[in-house]
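Notes for the one structure printed next.
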Amino acid sequence: MQIFVKTLTGKTITLEVEPSDTIENVKAKIQDKEGIPPDQQRLIFAGKQLEDGRTLSDYNIQKESTLHLVLRLRGGAKKRKKKSYTTPKKNKHKRKKVKLAVLKYYKVDENGKISRLRRECPSEECGAGVFMASHFDRHYCGKCCLTYCFNKPEDK
């Protein structure tokens, strides 16, 4: 029977084969006509790559069927070298977890009266519960950047 082999260049060659012929035999016939070594040939039929040990009848290749010839690609992707950094990686700042942190902001005296130790930010943007940091010369809100400066250090 006669089959067609279409190469990458678009050229179509005809081969005389039998249904019992193996794929290896077909590749050898292509080598005789085109000069491409069988180890570099890949034959595709109906979207499947044909394996060397099987026959044409295994793949249901009938007379006047067209096989597509593509060349086997050499190698794979280039191996990349792992980067080595000269300086060590900077550690991220870890926030310290303080148990019962609310106790820093309030004081309970012997009468049971609660007084604030830190000033609460009056800005509408911050809302209730945002306290200002007390520095030696000012009170500062870290959320809205509001700052109150003292005239004298003993004026706290």
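Cβ coordinates come from backbone N, Cα and C, glycine included.
Residues or ranges marked as ubiquitin cross-link by Swiss-Prot on the basis of similarity to another entry: K6 (among others). Non-local contacts of K6 (ubiquitin cross-link) by the CB criterion (under 8 A, 6+ apart in sequence, same chain) comprise T12, T66, L67, H68, L69.
Taken from Swiss-Prot, the feature ubiquitin cross-link applies to K11 (among others). The Cβ of K11 (ubiquitin cross-link) lies under 8 Å from no Cβ of any same-chain residue at least six residues away in sequence.
The ubiquitin cross-link annotation in Swiss-Prot covers K27 (among others). Here K27 (ubiquitin cross-link) comes close to P38, Q41, L43, D52: these same-chain residues lie at least six apart in sequence, with C-beta atoms under 8 angstroms from its C-beta.
Positions annotated as ubiquitin cross-link by Swiss-Prot, on the basis of similarity to another entry: K29 (among others). In the three-state DSSP assignment, the secondary structure recorded for K29 (ubiquitin cross-link) is helix.
K33 (ubiquitin cross-link) has a Cβ environment of 12 other Cβ atoms inside 10 Å. Swiss-Prot lists K33 (among others) with the feature ubiquitin cross-link.
Under the three-state DSSP scheme, K48 (ubiquitin cross-link) falls in the strand class. Neighbours of K48 (ubiquitin cross-link), defined as other CB atoms within 10 A of its CB across all chains, total 9. What Swiss-Prot records for K48 (among others) is ubiquitin cross-link.
Spatially close to K63 (ubiquitin cross-link) yet at least six residues away along the chain are M1, Q2, I3, judged by Cβ distances under 8 angstroms. Sequence annotations record features per position, and here Swiss-Prot assigns ubiquitin cross-link to K63 (among others).
If you take every residue in the domain 'Ubiquitin-like' (1-76) and average the pLDDT, you get 84. What Swiss-Prot records for 1-76 is domain 'Ubiquitin-like'.
What Swiss-Prot lists as region 'Disordered' is 76-95. If one looks beyond the region 'Disordered' (76-95) by at least 6 residues along the same chain, no residue has a Cβ coming under 8 Å of a Cβ in the stretch.
Long-range Cβ proximity for R54 (site 'Interacts with activating enzyme'), meaning a same-chain Cβ under 8 A and a gap of 6 or more residues, is found for T22, I23. Sequence annotations record features per position, and here Swiss-Prot assigns site 'Interacts with activating enzyme' to R54 (among others).
Under the heading site 'Essential for function', Swiss-Prot lists H68. Reduced to three states, the DSSP call for H68 (site 'Essential for function') is strand.
For R72 (site 'Interacts with activating enzyme'), other Cβ atoms within 10 Å of its Cβ number 10. Annotation source Swiss-Prot lists site 'Interacts with activating enzyme' at R72 (among others).
Here Swiss-Prot flags 121-144 as zinc finger.
H68 (site 'Essential for function'): 17 other CB atoms within 10 A of its CB, across all protein chains. Each residue of the region 'Disordered' (76-95) gets a DSSP state, and the totals for helix, strand and coil are 0 helix, 0 strand, 20 coil. Residue counts for the zinc finger (121-144) under DSSP, helix first, then strand, then coil, are 0 helix, 6 strand, 18 coil. K29 (ubiquitin cross-link) sits 17 Å from R72 (site 'Interacts with activating enzyme'), taking the CA atoms of both as reference points.
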